[in-house]
Structures are given as C-alpha cells and as structure tokens.
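Peer 1: Sharing a structure here in structure tokens format.
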Amino acid sequence: MARSRAFAFALLICAVAASCHVALSAPPPYAKQVERDFLTCLTKDIPPRQLYAKSSPAYASVWSSTVRNIKFLSDKTVKPLYIITPTNASHIQAAVVCGRRHGMRIRVRSGGHDYEGLSYRSEKPEPFAVVDMNKMRAVSIDGKAATAWVDSGAQLGDLYYGIAKASPKLGFPAGVCTTIGVGGHFSGGGFGMLLRKYGTAADNVIDAKVVDAQGRLLDRKAMGEDHFWAIRGGGGESFGIVASWQVKLLPVPPKVTVFQVHKGIKEGAIDLVTKWQTVAPALPDDLMIRIMAMGQGAMFEALYLGTCKDLVLLMTARFPELGMNATHCKEMTWIESVPYIPMGPKGTVRDLLNRTSNIKAFGKYKSDYVLEPIPKSDWEKIFTWLVKPGAGVMIMDPYGGGIASVPESATPFPRRSGVLFNIQYVVYWFGEGAAALPTQWTRDIYDFMTPYVSKNPRQAYVNYRDLDLGVNQVVGNVSTYASGKVWGEKYFKGNFERLARTKGKIDPEDYFRNEQSIPPLL
C-alpha cells in the first residue's frame, strides 16, 4: 500500500494535466486595437490555422491542453489574447517582431509544468500572447558524435526515447517526470537520477538556437557567451525564446539497477533518513538514492549504473541499516529505468511518448536546500508534519558526486559543493473548495523548516517556481532590480547579478517579462 501510494504521488507530480474547457471572459477594451493590429501582422508570416484568438472555437482546448495545475483552469485566470503554435523558428521570430511592434508581450510554454502557470497566464490583467511550442518537438540524434538537437516543445520522454533508439550506450541527465517540456526544464537547470553522475541538463547543453528580443535567430557563436550562459539555468523566457538545444549525450552501461525500499516509522524510517542525509551525498556518483517521505514512512528509491551484485556489495558496506538485498534489485537497461522510476513496474518505454494524462489535481509546491545534517530529534518533529490534516510529501534528492565538482558560476544554477540535499514540498488536492488545508500545510511546514535549511539567502530551485518568494515590481515599464533581487538571489545566489546585467545588455526594455523574470540591470 505504501509503495502504491508513493507511485501515485510520483504520477501526480509528473503528469497532472487537464483537457476540460473553461469559461472565457471578454478582453478589456484597451486590448481591441492591439488584437487587430497584432493579428494582421502575424498573418503575414504565420498560417492562420496556427493562430488562436479567444473567439476561436478551439482556443479553450488549446490553452488548457497542457495546463498541468488545474487550479488555473478558472474563469478568474488572466489568459492570453492569442495563442501562437509555431512549427519553425521563423514563426517565433514573427511573433516577437509583431509583439514588439504592436505592444503585445509574449510568454512561452513548452510542457506547461511551470508550478505557478506563468508560461500561459498572468497574475494581473495585461495584453499578452502565448507562444506554445507543442508543435516543435523534433529530436535529432548523432550517435557517433554523442550529441542531439532537441526542440523546446519536445518532452523529456521524446528525448530519452530518441536517444535509446539511436544508441543503447547513451543517456542524458534530466528530469524524472517524462512529460516535462525540454524548453522550461533546460532553462532552469534540470536534474534527475543522473544528477550525481553527470550534473544538470543545462551543464550538458553545448549550443542553442534562440530568438532574441529583436526577433533575431542566434546560435551560440552569434549570441555570445554571456547570453549562452544565461539561458542554461537562468529561468525560462527572460533571455529570449529558445527554439532548440544541442546537448552532449553521456555513456550509460548495458545494465543499470533500480530499487525501491519502503520503511515505516516502526521499521526505523526516522533513523534511516537521519543516516541517509550524510551517506547518500558521499556515495560513489554511480548511485543516486532519493527519498519520498509521506505519512508514516519513507520510500528510498535508487538508480545505480551497474549490476545488482555490485550494488548489494556497495549498500552492505555503506548503508547496511537500510537492509537492501538482492530481492529488492531490478536490473534493466537505462531506458527501461526511465519510465520505471516514476510509473513503477507498469511503466513501459512506449509510455515515454505519451503526451496526455487523465489525472486532474490542484497543487502547491515549495523547495529548500539542506547544507548541514538535521539531528534525529528534529526529524522526529518533521515527520509529525507528514500526518497532519492536508499533509503532502517531501521529496529529497542528494547532491555530492559529479555535481559538487562544478563551480557555482559555471551556469546560473548555483547548487554545487556544500549541498547535502534538496527538498521539494508537494501537496495535491481535489476540488476547488479543498485548497485551504493543503496550501496552508505547505506554507506552515516551510516555516517550520527554517532552522534546518540554507540561510542568507534561503535557497530555492527556480524550476519549482514559488511566487510566495516574491514578484517583480514594474516601474517605468521595466521590472526593478531591487524587487527581483528579493526572490532572485534565492534561486540563483550570487549569479543573480550577472543574470540581471546580461538581461540589461540583451533586453534592456524588458520585453520578455513575467512575474519572476530576470530584471535588466543597466
């Protein structure tokens, strides 16, 4: 039962989606002329069938198709005036040029997993359009060079599947949830079960094609190293629209091993979590053991780049308290492990190409980083939070290994050496009227954890977007650096200033903007 509950949470985290239509409100009067002029401009370069106005019969289904958090499926949500579905980079260029010319800002959606929905909605009324990358999802693999080009609209599952089809000897270090869009994931860093071996997805990006705020299509050489640095972990949308990415593929062995061991409180879960927080970051980088803590216990979930025999020897030597043995092992290919970890034994390689889900839930998320071990006595207090009304789950990923050998300034993603593990607080509920308890639980446990996590700043992961951390203030039609610094240093630490200076060079008028976009520092 505990294992099935853990799989259920994993599926919710990875695949919450919706297909229902929502009520549409009429655009405000000031938007009328903007809409007409913008549409006229777009239709010069983009086929009309790829444009959706609010008056279009298909608008609601297109907009909601990848809304992963259904609390935003509401007539109160501020939606785009237009949705543009490009099929090539020239369509993206046209959208930006027309948007600049006619005062229409652009937001960008790849997979729709932005936890706060900022890729397809606005917190406040304003005229904007969404460039929905869903139709740009090509994956091209060069097995000999061990590289791939992947469009931003592809899902991680598309990329993983394409890699394995080209070569069983290659893999890529990105997220566990296979329905996540490449564009947003890479833009925020992106990590999964190969984090300790190969770092983040962004660490392994070697080129990109970006449409900048002037509508130019730039590769790495043309954009320059500061711009290229910024798109690899500086958060989506701030520095242009990435049409496609070139990534370095990494070797994986013929067989990998996974295990999932659940321990209840009465089976010593608290002792094991206390031990895990120092053992897991110090293990060889071929082994990643993460934890999903919920209710009365914890699930220890692992990927090992090697055989069951070798893994049992390693666990017996380094973490014997867990009691892991050969009966817990499942050997498989790397690509088979990709669906197995989030979906369990029923997950298949073909599932990686699935872009839909019938699961519908509301959600709230927060994140933390732990730099010092938490005493057992405090873990006992933490676990009491997991049985409170409205409680969710704590997902904990260990660092160390390869990720710790990279300088903090190598990319905007700054979590490298000195981090034991990160925490994602996740809570789901069903039905609009049920929001109060789970939402408050998330904020309350976050407050409770203050003494145990990073400080000055209290760090967070930008791909676990959280508007509780702060939002931009706009003065003179430009986001202010002071307001952005409040939340920005939590995501990026000392890299935030360089991001803001880069923004000031390439988009000083702050065209690409949302509630947590990088402000220009001039």
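Every residue gets a Cβ built from N, Cα and C, even glycine.
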Peer 1: Using the record from Swiss-Prot, pick out the residue from CYS14, CYS98, CYS177 that is joined to CYS41 by a disulfide.
Peer 2: CYS98
Peer 1: What kind of secondary structure is VAL242 (FAD binding site) part of, going by DSSP in three states?
Peer 2: strand
Peer 1: Could you state the CA-to-CA distance between VAL242 (FAD binding site) and ASN354 (N-linked glycosylation site) to the nearest Å?
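Peer 2: Distance (Cα to Cα, whole Å): 23 Å.
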Peer 1: Taking DSSP three-state, what's ASN88 (N-linked glycosylation site) in: helix, strand or coil?
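Peer 2: DSSP call for ASN88 (N-linked glycosylation site): coil, neither helix nor strand.
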Peer 1: With the cut-off set at 10 Å between Cβ atoms, which of these recorded positions ends up with the most neighbours? Options: ASN88, ASN325, ASN354, ASN463, ASN477.
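Peer 2: Of the recorded positions ASN88, ASN325, ASN354, ASN463, ASN477, the most buried by Cβ count within 10 Å is ASN463.
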Peer 1: Quick one: Cα separation, GLY111 (FAD binding site) versus ASN354 (N-linked glycosylation site), in Å?
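Peer 2: Their Cα atoms are separated by 12 Å.
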